[in-house]
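S.K.: Swiss-Prot lists 1 with the feature N-acetylmethionine, giving similarity to another entry as the kind of evidence. The feature repeat 'ANK 1' is assigned by Swiss-Prot to 2-31. For 40-70, the entry in Swiss-Prot reads repeat 'ANK 2'. Marked as repeat 'ANK 3' by Swiss-Prot: 82-111. Look at Swiss-Prot and you will find 115-144 tagged as repeat 'ANK 4'. Residues annotated as repeat 'ANK 5' in Swiss-Prot: 148-177. Per Swiss-Prot, repeat 'ANK 6' is recorded for 181-210. Annotation source Swiss-Prot lists repeat 'ANK 7' at 213-242. For 245-279, the entry in Swiss-Prot reads repeat 'TPR 1'. Annotation source Swiss-Prot lists repeat 'TPR 2' at 338-371. Among the features that Swiss-Prot reports, repeat 'ANK 8' is placed at 481-523. The repeat 'ANK 9' annotation in Swiss-Prot covers 527-556.
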């Protein structure tokens, strides 16, 4: 173990005597260097503060001149917090004496993590009341929010820490402050079921506001299934009759899909129906749908007590009612609307009803693409679920276990929607696509193409498939490391796209159809690797030969002056199957001489040849 690691471990474990021995013979400069070094993203002081070693913290500050503000990586409950200062770590872990010492040594009380979380927020999160009080007494700012606009009061409400919430309110915390998504502390109480704190907030004049999705605290409670909050707020003076009805109907939908309690759902739906008809002079009818939805099996919402009673005998119809109600009240842009449509589809798939599953998932995907930003993780999750489902169906069909088949139209429809997602992302020039999400979407498309190659099709369908792939390639999308679709097709890492296996990569079939549809075989990634280089790294001679036959330049070099041949594993058979002499021309040899001898050629040879020579640099 090296000295740096030994020093780090001693600080983390609170072994002060060991640390003093390790540093005894070191100069001031050496000590300063060792104490400022990070191991796994954290300094010795940060670890000592995290684990509450007061004597170690004071030794590092007073004897070693450790920097009191330098942040780093700390782990809490399996989550890594980046850029956490020592005071934040001590506050989060509940070490009051360490917090006091750090502040006495001049630590900034409002220094934040990378996500803008303050030490006060950290203490509020885990309910450390004494630390909260101490920090506030030392001028901690109550209103500094994290990057989501979530305040200390909000997190105290969400975590159910009533005493902390009360203390913050007494100290003047803004009870009606809104987060980036527009939710308030009342929403946090509703989502966590903290009824006592909610009552306290209302005493401090909290207002029933809507968040960015149009959700009131009452609807938030209905979505999360907190009946205590729903019962309280439906009797509150600020709640209108229509709001009460919607809340009860939505709560019933939550009972169907989240709690799987159909009788409980009926109870709340009956309550809501009685409210609709309670005033015979002003009956509140449900809106008449403009069209019936095929994905919901053309179901329509019940509109009378008699129709509601009829649902008891038809659990499947009840489940469709839940989806209809949720879509009507929350709207298509709320994440829960599409989430539960997908959930219901997955339940159908588990029971072997793949057609119903596909119809529901397609409907949810359309909803997501119409309402979410391009390459939203939720949309990517939907596309991946389709790929996994189709893969499963094709495998089982091959075993003769299923009567259901994957149709070309089903697969092709999802491929088209996947390509549309890439188009949407690339057109959005003001906000560049997240490289990781783009890479995932590209990988999913390649898996769908791979699956399509296993499904029989007519000549007309084959033409449409290739036309779509051509359109996809013409977008020139790039994933991580600036990988093109062809790079991804020849890389084994493309196999790992989700939890369940879909297709195996490198894929000769996918590579072949990409080349046929116009993929550039000499395209480069961020390290100047061509697809041939990546195929060589993956030791796939068949793909390498296909790329070479299709015009890939065999002795083109990457950023590290390596050819594809240099990257082949000496132990693998591919090294013997690919013979450089068979693919090297006199033109290549001449280009190498120009590059190796640094002969100036630009402007002296045709542009086409300049490009050719540059391949050998």
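Along the chain as shown, the residues are counted starting at 1.
Glycine residues also receive a Cβ, built from the backbone N, Cα and C atoms like all the rest.
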S.K.: Who are the long-range neighbours of the repeat 'ANK 7' (213-242) in its own chain, taking Cβ under 8 Å and residues 6 or more past its ends?
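M.R.: Beyond its ends, the repeat 'ANK 7' (213-242) has Cβ neighbours at 181-184, 186-187, 189-193, 195, 198-199, 202, 248, 250-251, 254-255, 258-259, 275, 284, 329-331, 333-334, 336.
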S.K.: What are the DSSP helix/strand/coil residue counts across the repeat 'ANK 6' (181-210)?
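M.R.: Here the numbers are 17 helix, 0 strand, 13 coil.
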S.K.: Which bits of the chain, at least 6 residues beyond where the repeat 'TPR 2' (338-371) starts or stops, bring a Cβ under 8 A of a Cβ in it?
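M.R.: Apart from its flanks, the repeat 'TPR 2' (338-371) reaches 253, 257, 293-297, 319, 322-323, 326-327, 332, 378-379, 382-383, 385-386, 389, 393, 402, 404, 410, 413-414, 417, 420-421, 424.
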S.K.: Out of 40-70, 82-111, 181-210, 245-279, 481-523, what stretch is closest in contact terms to the repeat 'ANK 1' (2-31), meaning most Cβ pairs under 8 angstroms?
M.R.: 40-70
S.K.: Could you tell me how many residues in the repeat 'ANK 9' (527-556) are helical, how many are strand and how many are coil under DSSP?
M.R.: 16 helix, 0 strand, 14 coil
